[in-house]
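Per Swiss-Prot, the feature site 'Transition state stabilizer' maps to LYS47, LYS266. The substrate binding site annotation in Swiss-Prot covers GLY82, GLY83, ARG104, ASN206.
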Amino acid sequence: MSPAMNADNPGAAATAVAAIAPALKAEILAEALPYIRKFHGKTIVVKYGGNAMTEEKLKHGFARDVILLKLVGMNPVVVHGGGPQIDEALKKVGKVGTFVQGMRVTDEETMEVVEWVLGGEVQQDIVMLINQYGGQAVGLTGKDGGLIRAKRLQMPDRENPGAFIDIGYVGDIEAINPAVVKALQDDAFIPVISPIGFSDDGQAYNINADVVAGKMAEILKAEKLVMMTNIPGVMDKKGNLLTDLSAREIEELFADGTISGGMLPKISSALDAAKSGVHSVHIIDGRIEHSLLLEILTEQAFGTMIRSH
């Protein structure tokens, strides 16, 4: 087992900090103290996806960042995606992924691929990297400790009110039992959650990772929900970054089509989390190295903040 992550483990802290560029390190150290005090003991849910999961430098940087958050007394919980990895695996079996309203259509064969890729390959890679740098990560799916109970999602057909679209084994969260996550946090572990839910009869369901992250933040009463993506944040139709969005403004962006595709479940989940009492919800650019640390430990504004009012 990896060394315990606490103040008595300076080796892990040194490993996590050493790879950060000197200028960035100085900035973080100068600004971090009030944020460390503010968020000490608080839960930070991180939706991990996009280039940050596929580019080697960003992957290693993310692992160090999560460890550093744990070392300074926060409780990071990672919920990961894996769209590109699923697409690649589907290609190998002669299938092409299709999406409806940002949700992956999931037939039986696709569900098997999703389980193997998310609950196996992707999760193990994240856990291995965190442990490699001195952290203690544990991988979970919805089956572990009854974490995520799900049922088949009823996707409303926007063109035919009252009708639904069958998108296969895509899950709608019925309940989250946070006991296993809280137990891991209490023992200084970092939970890494694959977005796969299970019904009472054992049927696996593919659940959008943004949806799982938002619901997990709500149930855990998280201080922050940070969603990492491949764009600077929410953009308007001219490509300008919208740094702050209220619930009313989000509804307008939904209505005029500015927010569409894969951003639909992301923004909906972010807004639901904010309305549920998560104090701070941010969508940030995961392509920027150490963007997670910069968002949490410095005054530097990143991405888009989602507000419930």
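Keep in mind that glycine also has a Cβ here, set from the backbone N, Cα and C atoms.
Distribution of Swiss-Prot features across the structure.
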residue: LYS47; record: site 'Transition state stabilizer'; Cβ within 10 Å: 31
residue: GLY82; record: substrate binding site; Cβ within 10 Å: 25
residue: GLY83; record: substrate binding site; Cβ within 10 Å: 19
residue: ARG104; record: substrate binding site; Cβ within 10 Å: 22
residue: ASN206; record: substrate binding site; Cβ within 10 Å: 26
residue: LYS266; record: site 'Transition state stabilizer'; Cβ within 10 Å: 25
Alpha-carbon spacing, ASN206 (substrate binding site) to LYS47 (site 'Transition state stabilizer'), which is rounded to whole Å: 16
Substrate site, defined by GLY82, GLY83, ARG104, ASN206: further same-chain residues with Cβ within 8 Å of the Cβ centre: GLY81, ILE86, GLY97, VAL114, VAL117, LEU118, PRO195, ASN208, ALA209
Closest of LYS47, GLY82, GLY83, ARG104 to LYS266 (site 'Transition state stabilizer'), Cα positions, recorded positions only: LYS47
DSSP three-state assignment (helix, strand or coil) for ASN206 (substrate binding site): strand
DSSP three-state assignment (helix, strand or coil) for LYS266 (site 'Transition state stabilizer'): helix
